[in-house]
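*Asks:* I have a structure I would like to understand better, so I am pasting it below and will then ask my questions one at a time.
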Amino acid sequence: MYTHRQPYNTIPNLGDIFSNFTSKPILPHVQQYMMKVYGTVAFTLVAAFVGCLVDIEYQLCGVMTTVLEFVAIFYLLLSRHTIDTITTRFAVLLGVGFLSGVSLGTLVEFTLQLDPSIVATSTMMTALIFAAISFIALRSPTTYWLFLQSIITMTALGLLVFSIMPFFFPSMYYIVNVISFIMSCMCVLYHTNLLMYRAENGEKDYIAGSLALFHDIIDLFVQIMTWLTVKEDTERRKAQLRREAE
């Protein structure tokens, strides 16, 4: 019996790499959707980087920028994904990235003054953690991690209650921070799995999906950088107290 064989291609494409992540090959339209999501997230992160630099230079962060960011997010969530709106929605998403970067400017500037290496370390750790978690999510069945939604919701509600505890019990700060970090990691797992599930069922709106993953990355970055900054600041204060005691 004659069997048609596909021509051998010595140069692997990105779709082949996606297919090799799991024993069950990712469907072609899901591959295309996820590649669009990750590409859009990359552009949004560049916009956030620019916004952070602009805020450090010109101190733009304020109530108005926060309001504009929320308005832009609501527009993306409420508007429909059509051929006519793709360009506008993509531009608005870049605006969200820019304004998110502006909001981070104060924290990044303080960290740079304390120890510039913390920013580089936080960026590298965020990239590695996000890549590792994304790899796990891409290898998993498309409904495997969807149960995390209820856990994330309950954890978020618990953090709202326990977020005031560090003011009364300083030692609780590290516990709250660890729980927040774990929740951020769960969000990456859940959102990646959810995006693949929706893509399998015909979802085309990769811009809204990019918004979710972008915020997950920003949350991871802030969690890591805040923890490293507090740790470095605490160590310096202790060292200063020891010098004064001597």
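Quick reminder: no glycine exception, Cβ is built from N, Cα and C everywhere.
The structure displayed is predicted, hence computed values, not measured ones.
The transmembrane segment annotation in TrEMBL covers 33-50, 56-78, 90-112, 118-138, 145-168, 174-194.
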*Asks:* What parts of the chain pack near the transmembrane segment (56-78), using Cβ distances under 8 Å and only residues at least 6 beyond its ends?
*Replies:* 89, 92-93, 95-96, 99-100, 102-103, 105-106, 108-109, 112, 207-208, 211
*Asks:* Could you pull out which residues elsewhere in the chain have a CB under 8 Å from any CB of the transmembrane segment (118-138), counting only those six or more residues past its ends?
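*Replies:* The answer is 18, 21-22, 26, 34, 108, 111-112, 145, 185, 188-189, 192-193, 196, 216-217, 220-221, 224-225, 228-229, 232.
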